[in-house]
């Protein structure tokens, strides 16, 4: 087996495997799309059936209302018929004594006449009581019938609830099994894709190797390629000879069968001899053709290697030298086929023995050539391994295809809808996004509440500070702390004296005089000390007044700043209140929307199509959904009650207004009427 032959066959096998895998993947995708289309159609049909079921339910409800109305009318009719029959009986009873009066005796009439009106009144009361009793009994029967119907409906609802609970558990198990099967199918698809990639990579590597070893680079490569071609040719010859051996064995079997038949029926000898001669002539022609072909192959010239400018090349030569593999020709004479049995048997045996010996020799020569070829190649050309790997890949592809078909069949039987799963996942993602938004809004609300609380605290602190300042201002003595700006070079004590109306005292001159008196030597020490102390007191008073003026101006600036901050805080408080109201409204709307979505999800889960998806949810999630739906229902009912109450209040106001207008019109008409 040559390297090129194995490479070509390996490429062909891998290409076939790749084509098979791609075709299987395409078929799988086509089947999946068909299944999705069918499931979508089934879903639309189910929606139509649900719509029709709702319409039928509405019609049945209307029919039940009409039936109840008809039954009520029938009962009223029966009651009226009973009353009419009772009235007729009363008339008949009242009319019968009058008809019997002429036939009765005079004394009896005189004695019974005074008691007849009382008897008639008693009979009327009795009939009236009987009618009331009949009406009450009819009402009681109606109530009993209604109670029985309600009890039957309750029992039926309980039965449906139990059936739904019993059907709910196997649906959960089926959904889990289907999810497991879907995961297995996805794993198998991934494995097939990985195998496909691996096979394509091997194909590319084999192509690269084939391109590398395509052109021989030396004499050894040329000899190796020549030996490979010879080995391929010898293998083809072996296959042809094996076919000839099979045909000869078949002819021998037919000859033995003919011989047995001729021995049993000698009368049919001419017919069988003609058939045998025809078969022998055919075998003879085949042998002749084979010998000619073998001689031609033996005469083929051996290629000679010639070194050229571009490399080594093979040229045909007319010389033929002996090789290790020789084709021996048959030297037997060609004798025509005779009708005699012994001659035919001898020829057949000789031919078969000759063919067998020749085939054994050629097989041994092929074994030697194959051994030499393996030595030259430097390794074993394991074709069986490639065949096994190809068979293994085909078997795995077949198993994967059968598994895919089984899964598709299971999906078709179960009615699993891939689109519904995608919608469920999208709804779940949407729910998660809404939950995240709710959390963000809750954090924002908490932050805003914290800011509002901080603003309130700051406002309270400012109000408390303002109250303290007002209290201090109220408790402080009545001094006019009006700001008098100081002139440059003028002391604050002089300005204060001028503000108080004392203008004849000049503080600067007084200070100079005190300095002069302090330096005067005519004064005693005590007088000098007093003068110096008075001067220091005046300087300290001046400094103190200056500090007081500075603190006063600083306090006034601080008061202005506090008032501006108070206004700013009040505005910010109003803005924060508005923003808090807006955020609360947005949060309420989002909460309502979430409750509506949860209610829709719960309704979808309660239906037949959603029961399959409900298997994925846990008990806690279902309980949360149920609680959310109940909360949403309570909220909707409270909104409806508030709306009804508002409508009722508006109508009551309109009614009161109409009554007031009517009373006013009546008063106007009474006032305008002449007395």
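One-based numbering along the chain as shown.
Just so it is clear, glycine is given a Cβ too, placed from its N, Cα and C backbone atoms.
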Per TrEMBL record, range annotated region 'Disordered' [choices 10-47, 48-85, 86-123] = 86-123
Of 277-298, 299-320, 321-342, which range does TrEMBL call region 'Disordered'?
-> 321-342
Determine the mean pLDDT over the coiled coil (349-472), rounding to the nearest whole number.
-> 76
